[in-house]
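*Asks:* Mind looking over this structure? Questions follow.
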Amino acid sequence: MTLTFQKEVAERLAANTGSKQRSRLSVMAQYLCHVQHVFTIPGRAFVPKPEVEVGVVHFTPLTQPKIEQPFKLVEKVVQHVFQFRRKYCHRGLGMLFPEAQRLERTGRLLQLADVDPTLRPCQLSVSHFRSLCDVYRRMCDEDPHLFAYNFREELKKNKRAGQEREADRESRSL
């Protein structure tokens, strides 16, 4: 399948491990397809002329995905890793776990997946993500509530509790 995208999106889709263009989009596309940025079409080739150049990208679906886990699980792991794209990968992976167990479980995930915690998200290959997803799946099988965990919900809950404590203090001081 050959599609056209804005040049920058095309570059992200085909970005290799280590590239500054490497993103969540790169990993999600490349674990399911062989992705090749074929060529770029200059904006002047179109009427009316757009402000951007166009990248032509060829996708060849793989017979077996490079990561053999449910799409939602892969998406969750990749999303968490790239949410702190300029930080070390352990920072985003930690958000997969409740705060009380975050350090221990993140360390365990990285150790069992054999991934260096000081790698940045753009330095992780699809095989790194495969290892992370496989180990995270085993952890979710051990703790069925883990996959449903959402760190944003925990943040909201903690914020509300803090606001309630503050309101109690203010009412007592009156």
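Every residue gets a Cβ built from N, Cα and C, even glycine.
Checked TrEMBL, it gives:
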BINDING   Met1  S-adenosyl-L-methionine binding site
DOMAIN    1-63  domain 'Ribosomal RNA adenine methylase transferase N-terminal'
*Asks:* Calculate the per-residue pLDDT averaged over the domain 'Ribosomal RNA adenine methylase transferase N-terminal' (1-63) and state the result as an integer.
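*Replies:* Across the domain 'Ribosomal RNA adenine methylase transferase N-terminal' (1-63), the average pLDDT comes out at 95.
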*Asks:* Summarise the domain 'Ribosomal RNA adenine methylase transferase N-terminal' (1-63) as counts of helix, strand and coil residues per DSSP.
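*Replies:* Result for the domain 'Ribosomal RNA adenine methylase transferase N-terminal' (1-63), in helix, strand, coil order: 18 helix, 22 strand, 23 coil.
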*Asks:* Other than its own, how many Cβ atoms are within 10 Å of the Cβ belonging to Met1 (S-adenosyl-L-methionine binding site)?
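*Replies:* 8, counting other Cβ atoms within 10 Å of Met1 (S-adenosyl-L-methionine binding site).
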